[in-house]
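All remarks here apply to the structure that follows.
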Amino acid sequence: MSTTTTSSKPEFPADAATKEYAASLDASDPLAGFREKFIIPSKANIASKKLAKPGLSSEPCIYFCGNSLGIQPKATAKYLEAQLDTWSSIGVSGHFTNVEDSPLREWQNLAEQAAESMSRVVGAAPEEVAAMGTLTMNLHLLLASFYRPTATKHKILMDWKAFPSDHYAIESHIAWHDLDPKESMVLIGPDEGTFEIPTEKILSYIDQHADDAALILLPGIQYYTGQLFDIQKITEYAQSRGLVVGWDLAHAYGNVHLKLHDWNVDFAAWCTYKYGNAGPGAMAGLFVHERHGRVDYREGEDSPKFRHRLTGWYGGDKSVRFKMDNNFKPIPGAGGYQISNPSAIDLASLCAALSVFDETSMAELRRKSVLMTAYLEHLLLKDTTDESRLFDIITPSEPAARGAQLSLLLRPGLLHKVAQRLQEAGIICDKREPGVVRVAPVPLYNTFTEVWTFVEQLKAALEE
């Protein structure tokens, strides 16, 4: 069985469908110890409607919903407690006091602590990343800076089934410029009867609209189908045709190996509460390539030249931030896109989640993820035919074209019954109307034995 690369598809032996084989994969998993760094919800707690403390039941659920919300790292409580203790003990001095026994920097530099760790997750220089805001808010800020339509180049290319918030954001920016979204939004979809959008089709749309498109914004991973787009190839080609290129990495952050700097991406934004495990509604992140974040002082210290953006005091250089002279001098890089003083509590939760990523690498996580999702696919398809299965896997089969998630399109009328049966069995995954179950085994805390158990329970639910 090949497990050395993420481009080749693992192959499995004849006994792969046994629980013993799944256990052998767990026994040889170099990342198995990371599961102990998380609080796994118990079966008893997920069935209860009362607020319960973790650990009341010894039997954990099977949590395959990290593509919607990751589970809580054990470090989160420690980091939040440290932040609350800092606030309660020294008050406003927490902005500038580096508390020696705290895992967190002083509040003034806390966003930089998060950005440094996030930069390693997305393959960027620390100066190219900012920890701030939430995903759609950050997309708005980035579009305000990078979408500069003209009379001839005004269209935005996007995927046909973008997450609604992305659709709303793009639509509103087009309307803000007194343009008609029906004319200026170009949706790229799959061919009739399919779900995957071939890279060649995206490139053909870029060619078709090279003269009238200003920008292309795509998801790194399509939230519904789980398709991973060829970020490097699409970025390079779109830029060669004169388009600005942005990426929504909500489902790619913490999931796949990214190299945003090397791929020359113009801008990107992501949330951190899915595979990033930073908590519901957690502080998000954005990327601005270094070539767009430069600040030019050749015309004098009081006349900095920089890329247009919506500005706020927290994006100002820290050396002059408190001078209050109304002369904005942005932090070079993505930090110059910050608007307001970020929540130290939210940053504590984010830094706690990132502390887990600091102990490994995206290359290692991706290696396990490729094997785990391939094993899931192998078990789902074993001893079935296209005609006999009550579901279709609409996620691409090639590892290079997907992340952790597999999207299962069930036959009409099965979704709610199957979802209920899985929940009763203590399995948490995600459903999307009209008939898709999204299953995402996460390499940080899920096991191969859980994959085996899930498939057994799913098949039992379908047989019922």
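Positions of Cβ are set from backbone N, Cα and C atoms, glycine also.
Residues or ranges marked as pyridoxal 5'-phosphate binding site by Swiss-Prot: L135, T136, F163, P164, S165, D166, D248, H251, Y273, W313, N341. Counting only same-chain residues six or more apart in sequence, the Cβ atoms lying under 8 angstroms from the Cβ of F163 (pyridoxal 5'-phosphate binding site) belong to P219, Y223, D248, A250. Under the DSSP three-state reduction, F163 (pyridoxal 5'-phosphate binding site) is assigned to coil, being neither helix nor strand.
All protein chains included, K274 (N6-(pyridoxal phosphate)lysine) registers 26 other Cβ atoms within 10 Å of its own Cβ. What Swiss-Prot lists as N6-(pyridoxal phosphate)lysine is K274.
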### Message
Sequence gap of 6 or more, Cβ distance under 8 Å: name the residues on the same chain that satisfy this around S165 (pyridoxal 5'-phosphate binding site), in order along the sequence.
### Response
L135, T136
### Query
Considering all pairs of residues in L135, T136, F163, P164, S165, D166, D248, H251, Y273, W313, N341, annotated in the record as contacting pyridoxal 5'-phosphate, what is the maximal C-alpha distance expressed in whole angstrom?
31
